[in-house]
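The active site annotation in Swiss-Prot covers His5. Residues annotated as active site, nucleophile in Swiss-Prot, with similarity to another entry given as evidence: His41. Marked as Mg(2+) binding site by Swiss-Prot on the basis of similarity to another entry: Glu25, Asp27, Asp85. Swiss-Prot lists Cys45-Cys51, Cys47-Cys190 with the feature disulfide bond. Residues or ranges marked as N-linked glycosylation site by Swiss-Prot on the basis of sequence analysis: Asn129, Asn253.
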Amino acid sequence: WIMGHMVNAIYQIDEFVNLGANSIETDVSFDDSANPEYTYHGVPCDCRRWCKKWEYFNNFLKALRKATTPGDSKYHEKLVLVVFDLKTNSLYDHQAYDAGKKLAKNLLQHYWNNGNNGGRAYIVLSIPNLSHYKLITGFKETPKNEGHPELKEKVGFDFSGNDNIDQVAKAYKKAGVTGHVWQSDGITNCIASFIRGLDRAKEAVANRDSSNGFINKVYYWTVDKRATTREALDAEVDGIMTNDPDVIADVLNESAYKAKFRIATYDDNPWETFKK
């Protein structure tokens, strides 16, 4: 999965997919009542990027629905996965459940079209704080309560705080999650990737590939350089988040990687661990 980073303005959906992304990451900020409000990152953000692009969340969802609904004039067949980077650090821990519920209601109405030929992309909810695990509970209960239990098949989870992998496992246990797990690892592109290294990403990959691991997919962020792309591919991650999708696409075309990796399509289940 080539994951376009910080796609917060509607026009950027086309821009990133046209550069080679089959997945996008979108920031979601919340108001004081735990309602998702804007697709907005704010300052600071990655180097060489404008941090302040935004839309109202529901307007973005409607545009995203069009981009992922077959037959729509804005449809992109290859856009198959969307990561919502949930900026929940502005919320109190006790608001996490409500935030999940309200997020699900917004998606149900504006993205899934109340279960009537809505957008088809798989969704990853990326949560920065392990203590906000109840967001998952609130989110999962909502489609079920609204008569659309099938939509839970479209949703997976990620804790994005670079926490200890064992602690992440405990948070999922509390949330009752037993699958659909993506694990992110990384650092802003402003800091050279060699300073962080890939040790934790490799630890996540080892968990993914072990018989008793809880992780299904691993992605590394934010990668804009060819050398770092190669290192991440050598570590056998499933996804790379980038500001420059064309760079990742170029490296995937190199002879060393062409035979081993391919771009994921809608038929590739993002919740299944890839078996070599």
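Going from the start of the chain as shown, residues are counted 1 onward.
Placed from the backbone N, Cα and C atoms, the Cβ positions cover glycine too.
Between the active-site residues His5, His41, His5 has the most other Cβ atoms inside 10 Å of its own Cβ, all protein chains included. Neighbour counts of Cβ atoms within 10 Å were taken for the disulfide-bonded residues Cys45, Cys51, Cys190; the minimum is at Cys190.
With the fewest other Cβ atoms inside 10 Å of its Cβ, the least crowded of the glycosylation sites Asn129, Asn253 in this structure is Asn253.
Between the recorded positions Glu25, Asp27, Cys47, Asp85, Glu25 has the most other Cβ atoms inside 10 Å of its own Cβ, all protein chains included. Highlighted in sequence order, His5, Met6, Val7, Asn8, Thr26, Val28, His41, Val83, Phe84, Leu86, Ser126 have their Cβ within 8 Å of the centre of the Cβ atoms of Glu25, Asp27, Asp85, the residues recorded for Mg(2+), and are not part of that set. Take the Cα of Cys45 (disulfide bond) and measure to each of the recorded positions His5, Glu25, Asn129, Asn253: the nearest one is His5.
The recorded positions close to Asp85 (Mg(2+) binding site), defined as a CA atom within 10 A of its CA, are His41 out of His41, Cys47, Cys51. Proximity to Asp27 (Mg(2+) binding site), judged by a C-alpha distance within 10 Å, picks out His41 from the recorded positions His41, Cys51, Asn129, Cys190, Asn253. According to DSSP, Cys51 (disulfide bond) sits in a coil region rather than a helix or strand. Nearest neighbour of Asn129 (N-linked glycosylation site) by Cα distance, taken over the recorded positions His5, Glu25, Cys47, Cys51, Cys190: Glu25. A straight line from the CA of the residue listed as 'active site' to the CA of Glu25 (Mg(2+) binding site) spans 5 Å.
Of all the recorded positions in the list His41, Cys47, Cys51, Asn253, the shortest Cα-Cα distance to Glu25 (Mg(2+) binding site) is found for His41. Taking the Cα of Cys190 (disulfide bond) as the reference point, the closest of the recorded positions His41, Cys51, Asn253 is Cys51.
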